[in-house]
């Protein structure tokens, strides 16, 4: 059986093209496009990298390198909601360990794991750019300041 070439769905392709057209150089849209792909699929399908590289007029290994470099991109373990937890020094000093422990208590998983129902994955990241609100975490694109396990449980219940 012949393998067909991967194609983006029209809706996604249109969004990617809008991002590409926004910038003077196509390559400048790479992060926005990767976020768009991840938001659409829940992760970055490996077969999507070649068509994206073609759209951006970049070598495939450049796009692969960007995906590998940034820990905000998931290449596997599809989860509907990625909980990115800042583990930089400021957040660490302000209580990241308490946040991670609360997530483990509520979800029953450790960082890097996906809940059995496929809804949540805990992903430690280096910086979310919100040091004044430390410790911070994001559920997909929504940013939150961690205050307590009760507050965290309330936030996560919005995503079920």
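The backbone N, Cα and C atoms fix where each Cβ goes, glycine too.
Taken from Swiss-Prot, the feature [2Fe-2S] cluster binding site covers 86, 91, 127, 131. Around residue 86 ([2Fe-2S] cluster binding site), taking its Cβ as the centre, 27 other Cβ atoms fall within 10 Å, counting all chains.
Scoring each of the binding-site residues (91, 127, 131) by how many neighbouring Cβ atoms lie within 10 Å, the top position goes to 91.
Within 8 A of the CB centroid of the [2Fe-2S] cluster site residues 86, 91, 127, 131, the other residues of that chain are 87, 88, 89, 90, 126, 128, 129, 130, 134, 135, 136.
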